[in-house]
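Participant: Let me give you the structure first, and then I'll get to my questions.
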Amino acid sequence: MGRSRSRSPRRERRRSRSTSRDRERRRRERSRSRERDRRRSRSRSPHRRRSRSPRRHRSTSPSPSRLKERRDEEKKETKEIKNKERQITEEDLEGKTEEEIEMMKLMGFASFDSTKGKKVDGSVNAYAINVSQKRKYRQYMNRKGGFNRPLDFIA
(Lines of atoms letter the chains of each structure in order from A and count residues from 1; the text may use other names and numbers.)
(Lines give C-alpha, C1' and ligand atoms only; values in the text may rest on other atoms or scores of the structure.)
Protein backbone atom coordinates (compact mmCIF):
# COMPACT_ATOMS: atom_id res chain seq x y z
CA MET A 1 0.00 0.00 0.00
CA GLY A 2 1.21 3.47 -0.83
CA ARG A 3 1.44 6.33 1.56
CA SER A 4 -1.74 8.47 1.78
CA ARG A 5 -1.29 11.79 0.09
CA SER A 6 -2.93 14.95 1.28
CA ARG A 7 -4.90 17.06 -1.16
CA SER A 8 -3.27 19.99 -2.80
CA PRO A 9 -4.36 23.40 -1.46
CA ARG A 10 -5.56 24.42 -4.92
CA ARG A 11 -8.09 21.58 -5.11
CA GLU A 12 -9.29 22.40 -1.60
CA ARG A 13 -9.88 26.02 -2.59
CA ARG A 14 -11.83 25.04 -5.69
CA ARG A 15 -14.06 22.80 -3.59
CA SER A 16 -14.73 25.45 -0.98
CA ARG A 17 -16.56 27.70 -3.45
CA SER A 18 -19.56 25.39 -3.84
CA THR A 19 -19.54 23.86 -0.36
CA SER A 20 -22.15 26.23 1.05
CA ARG A 21 -24.48 25.43 -1.87
CA ASP A 22 -23.81 21.70 -1.54
CA ARG A 23 -24.23 21.81 2.21
CA GLU A 24 -27.62 23.52 1.82
CA ARG A 25 -28.77 20.99 -0.78
CA ARG A 26 -27.63 18.05 1.36
CA ARG A 27 -29.45 19.45 4.39
CA ARG A 28 -32.68 19.83 2.40
CA GLU A 29 -32.44 16.28 1.03
CA ARG A 30 -31.75 14.89 4.49
CA SER A 31 -34.76 16.63 6.01
CA ARG A 32 -36.94 15.46 3.14
CA SER A 33 -35.88 11.84 3.58
CA ARG A 34 -36.43 12.09 7.35
CA GLU A 35 -39.98 13.36 6.74
CA ARG A 36 -40.60 10.52 4.34
CA ASP A 37 -39.44 7.98 6.93
CA ARG A 38 -41.66 9.54 9.58
CA ARG A 39 -44.68 9.45 7.28
CA ARG A 40 -44.18 5.82 6.30
CA SER A 41 -46.43 3.53 8.33
CA ARG A 42 -45.03 0.47 10.02
CA SER A 43 -47.64 -1.91 8.66
CA ARG A 44 -46.54 -4.30 5.95
CA SER A 45 -49.91 -4.46 4.28
CA PRO A 46 -50.10 -2.62 0.95
CA HIS A 47 -51.21 1.00 1.21
CA ARG A 48 -54.94 1.51 0.70
CA ARG A 49 -56.14 4.59 -1.10
CA ARG A 50 -58.38 7.02 0.80
CA SER A 51 -61.06 7.22 -1.87
CA ARG A 52 -63.09 4.09 -2.41
CA SER A 53 -63.87 4.82 -6.05
CA PRO A 54 -62.03 2.43 -8.37
CA ARG A 55 -59.05 3.77 -10.25
CA ARG A 56 -59.27 3.93 -14.01
CA HIS A 57 -56.36 2.26 -15.75
CA ARG A 58 -55.96 2.80 -19.45
CA SER A 59 -54.72 -0.25 -21.24
CA THR A 60 -54.64 -0.99 -24.92
CA SER A 61 -55.61 -4.64 -24.60
CA PRO A 62 -58.32 -5.92 -22.26
CA SER A 63 -57.21 -8.23 -19.50
CA PRO A 64 -57.81 -11.98 -19.93
CA SER A 65 -60.54 -11.96 -17.28
CA ARG A 66 -62.38 -9.18 -19.14
CA LEU A 67 -62.13 -11.15 -22.38
CA LYS A 68 -63.53 -14.22 -20.64
CA GLU A 69 -66.40 -12.21 -19.14
CA ARG A 70 -67.22 -10.78 -22.55
CA ARG A 71 -67.18 -14.28 -24.10
CA ASP A 72 -69.45 -15.59 -21.33
CA GLU A 73 -71.89 -12.72 -21.91
CA GLU A 74 -71.98 -13.48 -25.64
CA LYS A 75 -72.68 -17.15 -24.92
CA LYS A 76 -75.52 -16.20 -22.56
CA GLU A 77 -77.02 -13.91 -25.20
CA THR A 78 -76.93 -16.64 -27.85
CA LYS A 79 -78.54 -19.11 -25.41
CA GLU A 80 -81.27 -16.59 -24.58
CA ILE A 81 -81.97 -16.13 -28.28
CA LYS A 82 -82.23 -19.91 -28.74
CA ASN A 83 -84.59 -20.17 -25.75
CA LYS A 84 -86.78 -17.41 -27.16
CA GLU A 85 -86.92 -19.16 -30.53
CA ARG A 86 -88.28 -22.29 -28.85
CA GLN A 87 -91.85 -21.12 -28.44
CA ILE A 88 -94.92 -23.32 -28.27
CA THR A 89 -96.17 -23.82 -31.81
CA GLU A 90 -99.46 -25.13 -33.19
CA GLU A 91 -97.74 -28.42 -34.08
CA ASP A 92 -96.89 -28.94 -30.40
CA LEU A 93 -100.51 -28.37 -29.41
CA GLU A 94 -101.86 -31.03 -31.83
CA GLY A 95 -103.16 -34.15 -30.10
CA LYS A 96 -102.95 -32.68 -26.59
CA THR A 97 -105.70 -32.48 -24.05
CA GLU A 98 -106.75 -29.17 -22.53
CA GLU A 99 -104.92 -30.01 -19.32
CA GLU A 100 -101.67 -30.66 -21.23
CA ILE A 101 -102.05 -27.40 -23.16
CA GLU A 102 -102.63 -25.52 -19.90
CA MET A 103 -99.56 -27.19 -18.39
CA MET A 104 -97.50 -26.23 -21.46
CA LYS A 105 -98.49 -22.61 -21.08
CA LEU A 106 -97.78 -22.60 -17.35
CA MET A 107 -94.56 -24.60 -17.17
CA GLY A 108 -93.17 -24.48 -20.66
CA PHE A 109 -93.29 -28.24 -21.21
CA ALA A 110 -96.08 -30.72 -21.78
CA SER A 111 -94.69 -34.11 -20.87
CA PHE A 112 -92.30 -35.56 -18.36
CA ASP A 113 -89.81 -37.12 -20.75
CA SER A 114 -86.50 -38.37 -19.43
CA THR A 115 -83.36 -36.44 -20.31
CA LYS A 116 -81.15 -39.50 -19.88
CA GLY A 117 -78.64 -39.66 -22.73
CA LYS A 118 -79.73 -36.27 -24.09
CA LYS A 119 -77.66 -33.10 -24.03
CA VAL A 120 -79.20 -30.57 -21.64
CA ASP A 121 -78.22 -26.90 -21.57
CA GLY A 122 -77.73 -25.01 -18.34
CA SER A 123 -76.57 -25.93 -14.87
CA VAL A 124 -78.44 -29.25 -14.85
CA ASN A 125 -75.28 -31.15 -15.71
CA ALA A 126 -73.13 -29.41 -13.11
CA TYR A 127 -71.82 -32.33 -11.11
CA ALA A 128 -68.49 -32.89 -9.44
CA ILE A 129 -66.29 -35.92 -9.07
CA ASN A 130 -65.33 -36.72 -5.49
CA VAL A 131 -61.58 -36.09 -5.44
CA SER A 132 -59.80 -37.26 -2.31
CA GLN A 133 -56.85 -35.02 -1.55
CA LYS A 134 -53.93 -35.77 0.67
CA ARG A 135 -54.40 -34.23 4.12
CA LYS A 136 -52.25 -31.19 4.84
CA TYR A 137 -50.94 -30.75 8.35
CA ARG A 138 -49.94 -27.49 10.05
CA GLN A 139 -46.98 -27.36 12.36
CA TYR A 140 -47.90 -25.89 15.73
CA MET A 141 -44.86 -26.85 17.82
CA ASN A 142 -41.11 -26.40 17.27
CA ARG A 143 -41.54 -23.85 14.54
CA LYS A 144 -38.55 -21.98 13.20
CA GLY A 145 -40.00 -18.49 13.73
CA GLY A 146 -41.33 -19.16 17.21
CA PHE A 147 -44.87 -19.42 18.53
CA ASN A 148 -45.98 -15.81 18.41
CA ARG A 149 -46.61 -15.60 14.69
CA PRO A 150 -49.45 -16.70 12.40
CA LEU A 151 -49.53 -20.25 11.12
CA ASP A 152 -48.17 -20.95 7.66
CA PHE A 153 -50.80 -20.56 4.94
CA ILE A 154 -52.01 -23.80 3.42
CA ALA A 155 -54.21 -23.51 0.36
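From the backbone N, Cα and C atoms, a Cβ is placed for every residue, glycine too.
For 1-96, the entry in Swiss-Prot reads region 'Disordered'. If you look up Swiss-Prot, you'll see 1-31, 39-59 marked as compositional bias 'Basic residues'. What Swiss-Prot records for Ser61, Ser65, Ser111, Ser114, Ser132 is phosphoserine. Per Swiss-Prot, the feature compositional bias 'Basic and acidic residues' maps to 66-96.
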Participant: Count the Cβ atoms, other than its own, that fall within 10 Å of the Cβ of Ser132 (phosphoserine), considering every protein chain shown.
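Facilitator: The answer is 5.
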Participant: Where does Ser114 (phosphoserine) sit by DSSP, helix, strand or coil?
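Facilitator: In three-state terms, Ser114 (phosphoserine) counts as coil.
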Participant: Report, in whole Å, the straight Cα-to-Cα distance of Ser114 (phosphoserine) from Ser132 (phosphoserine).
Facilitator: 32
